[in-house]
Number of protein chains: 2
Amino acid sequence: MAVTNRDMANAIRALSMDAVEAAKSGHVGLPLGMADASTVLFRKFLKFDASNPDWPDRDRFVLSAGHGSMLIYSLLHLTGYKSVSRDDIRNFRQLGSNTPGHPENFVTKGVETTTGPLGQGIATAVGMAMAERHLNARFGDDLVDHKTYVIAGDGCLMEGISQEAITLAGHMKLNRLIVLWDDNSVTIDGNIDVADSTDQCARFEAAGWVTRKVDGHDEKDIEAGLKWAQKQKQPVFLAVKTIIGYGAPKLAGTGKAHGGPYGADEVAGIRENIGWPHEPFEIPAPIEKAWKKVGERGKDTRKAWKERLMASPHKGEFNAAIAGRLPKNLSKAIIKHKKAVVEGGEKKATRQWSGAALEVLTHHVPEMVGGSADLTGSNNTKTAVTGPMTPQDWSGRYVHYGVREHGMAAAMNGMSLHGGIIPYSGTFLAFADYSRAAIRLGALMGARVIHVMTHDSIGLGEDGPTHQPVEQVASLRVMPNMLVFRPADGVETAECWEIAINRETGPSTMALTRQGLTPARKEHTEENLCEKGAYVLSPSGVKSREAAVLIATGSEVEIALAAQAELAKEKIHVRVVSMPCMELFAQQDEKYQRETLGGDLPKVAVEAGVRIGWDRWIGPKGGFVGMDSFGASAPYDDLYKHFGITAEHVANTVKGLI
Amino acid sequence: MAVTNRDMANAIRALSMDAVEAAKSGHVGLPLGMADASTVLFRKFLKFDASNPDWPDRDRFVLSAGHGSMLIYSLLHLTGYKSVSRDDIRNFRQLGSNTPGHPENFVTKGVETTTGPLGQGIATAVGMAMAERHLNARFGDDLVDHKTYVIAGDGCLMEGISQEAITLAGHMKLNRLIVLWDDNSVTIDGNIDVADSTDQCARFEAAGWVTRKVDGHDEKDIEAGLKWAQKQKQPVFLAVKTIIGYGAPKLAGTGKAHGGPYGADEVAGIRENIGWPHEPFEIPAPIEKAWKKVGERGKDTRKAWKERLMASPHKGEFNAAIAGRLPKNLSKAIIKHKKAVVEGGEKKATRQWSGAALEVLTHHVPEMVGGSADLTGSNNTKTAVTGPMTPQDWSGRYVHYGVREHGMAAAMNGMSLHGGIIPYSGTFLAFADYSRAAIRLGALMGARVIHVMTHDSIGLGEDGPTHQPVEQVASLRVMPNMLVFRPADGVETAECWEIAINRETGPSTMALTRQGLTPARKEHTEENLCEKGAYVLSPSGVKSREAAVLIATGSEVEIALAAQAELAKEKIHVRVVSMPCMELFAQQDEKYQRETLGGDLPKVAVEAGVRIGWDRWIGPKGGFVGMDSFGASAPYDDLYKHFGITAEHVANTVKGLI
């Protein structure tokens, strides 16, 4: 018997429905509907080698509609990825299996990015496609020449982030990005017309894409569409018309087909309708064999690629870029920069110091690709060596992301996951709220991205409370696997950048001031003092009569130092601890923590943000000088006085405690 | 001399540039560019009466591009709103003035909503326009018959939230929504083509809008466009072509025209170019008079409306709706419901209890309009009396928002600001990250909206870490003016809803479980025990030998109660405090706080989320049983065991402390 596309697609259908029934939860509607199209994609177009999931020049496949995870697990399993065994399929959604409810790249090899929160996949894929073009410009067609395929659902397309992603992709003319829209006209609340009437093809065309409609259950039509897609000069949107829950006697084509186990009757009906008489989790050998061959399709291509790499003069550089290895001389360059900063003794905003640190870093690290959400001049993210990345010149290392904070954060995740790029980009800290869902996904995935967030407090001044982040530092500190840095001057900014750029296991946020700050660090040290998260910046001087401890971050360190000087005049001796990264300090042993914070001495924290997060360090009797409301519009020095974030208030708070 | 549209527009230009020069900050590019168009709008179309800014049937005017705030301040001042004096204009962006950097509706009468974070204005306006249609369906043309106008810039249109807003508006056929796009081809980073190539008219048409291009400096063309806009059956998008910084000799039409003071030379050049020889802040009397007349244009219309209201049988109901007054019998109905819940003793998820409470509330409060971002069945937000709101039947009280969390939250803000509606709607708590920027704006504005956030922890189970909110409760607690409720059972859910619905000064979040919970409250009380944020749910029983205090919220209250029972077997007597709202508890006096939390007794908090926020209550030696990482995909009871959130672990933690 000749194994057909439909037979192979039915294997996906069978595994998906059997897994969802066994788990008693999950979403089988999408795998049933998109099985035919994804089978064509994997059989005839996708460049991959199942035995080498990390091959850098593979095509990327992103299931943006992540709830249909059984589609991807079926594909990985059938094509022979070691990461997904038949037992993993049986243990879909169980603790410790490689088949979690939504695809997680940090659990399952072959999954390119974690999806589930809708719209993230397509936006992440835009970053991957940009990374491909940039690395192609750097290393040439021989080493980098692949495509990015996305399956997206109606939910992905309704999310605002998808608009940011597709307009960015259209503007960048990312013609190697091919989106297959699972056009099934159904969402959870019912038919799509309950909530949406968008002409998606017209919308994508307005964003600079080319579009084509395809019958998602007609192998020939799908193949013709995908063939056509290979030759376009713009990103490609294929509207793949499908029936959700394809084959299910009662549920197919309805809102109820989206998720949940269908139950024994429906599953039996599907078996009947698609002609699949086999037992649950059983795949006939010919079909199994045909799928395995698909998984081996790319082997020779990969071998040829490997040979080209071995012969390439770029070999070392390419491998270092993909591995994300930093140059050995970087640490020295940072030390040299720190020394110059201390010697200069200038009063500058930390966003300016960040710009200065970036000049050093981007000069030494060619993998760094910067950008800003239309605030380049304010975020100080552009450096001398980072020219604009454009469709005409992909070698550029600076992305004008436009006013698209959310799409930008997701694109950075995609660049990082793709490999070969260490992305950073800027916006105002208040607008971290716009990109939070993507920032979080980066933290979950452990993506190495750096969010430059300037104008980090009421110090922003006249723009007022909409732009003043009083709670955003705290809101990022609560996020697992995120490091939030709030440096106090030029030296700390350089040190925090050094930690961030060396961090391979997750994202970092740099919270930076708009306003100029007096240098806190006046002596040069080779050692990175910020590495432990907090340190004694200015001892009390009179240890035996030390009365209290001031802890501050960022722009409030100079206020704490001024308060220390005020108090000293009254013979009240306090130390000042700078705490540029609370998360790193929390990782230190208790001894270092107690020593740094002066044991049981009374403590006052100073930060122009909300108190939550500080109680752990200052204790229930500790003092806090900061914000307990939104800010206001006025020159920043007026605001600091108005909200009582002053040396005088800090000094008085100390006096009230001792 | 006859005063022309251009003369009047130039008064806006002059005030705007003089104010920005005086403040040495602000954005004059938009006021200079949009002065002509907005003058036409206010002179000939906008229905308003400057002496009655609260007139419910006024047209709403939203400056979505809020950075151009001097446009709105100029218009309010010139048309005679008392809220903006000439001195306020002189004191633009100064502490205590009525002219903050971005328009703030809670500071300045006549400003309909706070804008500045881009895209929020247009999305909020969609909610206002929906509110108008709904109230029109309820009260008729005589009382409700107005339009919503928006000025949006390129930044607004690049933000993803704008896509959610415009597709919702298009789907709802909101033909009384008219957007004027300040099509000036410039953003902060330079010409728009640095970052965007979208065909905006095509994009809006794809979303179901009608569009028309207008010359923004041609009075007749603008007027013709606005006239045409009045008669459409779909929402209207006017692409108003303007020159940013109109009149400025060097800066006009450039990226530098966006913001910042232009300096004396440029300002002198503008005066010359627009023919404005007057001193700063000086407006010639004829122009002043012409503008005042514009402000009085709507007086008679308003009086006629008032007469209709006085004669209407709906008068009382209409006034109550606009004032947001709740019916007197509501409290009794809630008490009755609580009694029935206690007597039933059922084990249910708090999302189901929320649905049950909503049945009572929506039955009694016709102003409540519900909805969900495509999770109606999961959020339990739809009730018997809330039929779908559709373009065919605007009287419906349930909005199928689609997968548009951000647009939904902003639309709710708009409904609340419009008046006559108390909006609530649902999504998964993890996706609060998508809507955070709009949630925050609601908190800043003090908007009365209720965010129903279900599936509030790892208790969500199989969907895994992307969908499990481990840090979202904490991230919402850090937001000023937000109340976060996490009720433990059916009674607490009803009580928390009662507090939320009665709160007129800001938003509330209901964090609700997916999983069923054992009832915590077993005796009926008329008193709302949740009102103080925390209370002793289960005393230790043996006060003299009380050893510790357990504090828990939501689904972890049953775990704390089980731990209490376990410990009692070993003669360790602890109390259990339920803390459904940390913010309300923080507002209580210290005496109540100390009494409730058992003074200096050791404390253990139990919450299936991150620790931040708890240290304040448990102290530095306190125990915490919760999460310190992202979750995982598995059945929820497996996850609770895996992450150690169990009665046994709580009991052991207590034993380790005492």
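Yeah, the Cβs are placed from backbone N, Cα and C, and that goes for glycine too.
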TrEMBL has A:Asn184, A:Val186 binding Mg(2+). Which one of A:Asp154, A:Asp218, A:Asp221 is in the same site? A:Asp154
Residue in A:His258, A:His363, A:His364, A:His524 which TrEMBL records at the thiamine diphosphate site where A:His67, A:Gly116, A:Pro117, A:Leu118, A:Gly155, A:Asn184, A:Phe431 also bind: A:His258
Checking feature assignment: region 'Disordered' per TrEMBL, candidates A:285-305, A:369-389. Which range matches? A:369-389
My list of binding-site residues is A:Pro117, A:Val186, A:Arg351, A:Phe431, A:Asp463, A:Arg514; which of them have a Cβ under 8 Å from any chain B Cβ, in sequence order? A:Pro117, A:Phe431, A:Asp463
Report, as a single number, how many Cβ atoms besides its own are within 10 Å of the Cβ of A:Leu118 (thiamine diphosphate binding site). 28
Is it possible to get the count of other C-beta atoms within 10 angstroms of the C-beta of A:Asn184 (thiamine diphosphate binding site)? 28
What does the structure give for the C-alpha distance between A:His455 (substrate binding site) and A:Glu405 (active site, proton donor)? Integer Å is fine. 15
Please find which two of A:His27, A:His258, A:Arg351, A:Ser378, A:His455, A:Asp463, A:His467, A:Arg514 have the most distant C-alpha atoms, given that the record lists them as binding substrate, and give only that distance in angstrom, rounded to a whole number. 48
So among A:His67, A:Gly116, A:Pro117, A:Gly155, all listed as binding-site residues, which is physically nearest to A:His258 (substrate binding site)? Use the C-alpha atoms. A:His67
Between the binding-site residues A:Val186, A:Arg351, A:Ser378, A:Arg514, which lies closest to A:Gly116 (thiamine diphosphate binding site), Cα to Cα? A:Val186
How many neighbouring Cβ atoms, not counting its own, are there within 10 Å of the Cβ of A:Asp154 (Mg(2+) binding site)? 26
Please tell me which one of the recorded positions listed here (A:Asn184, A:Val186, A:Glu405) sits closest to A:Arg514 (substrate binding site), measuring Cα to Cα? A:Glu405
Taking the centroid of the Cβ atoms of A:Asp154, A:Asn184, A:Val186 (Mg(2+) site), which other same-chain residues have Cβ within 8 Å of it? A:Gly153, A:Asp182, A:Asp183, A:Ser185, A:Thr187, A:Ile192, A:Ile244, A:His258
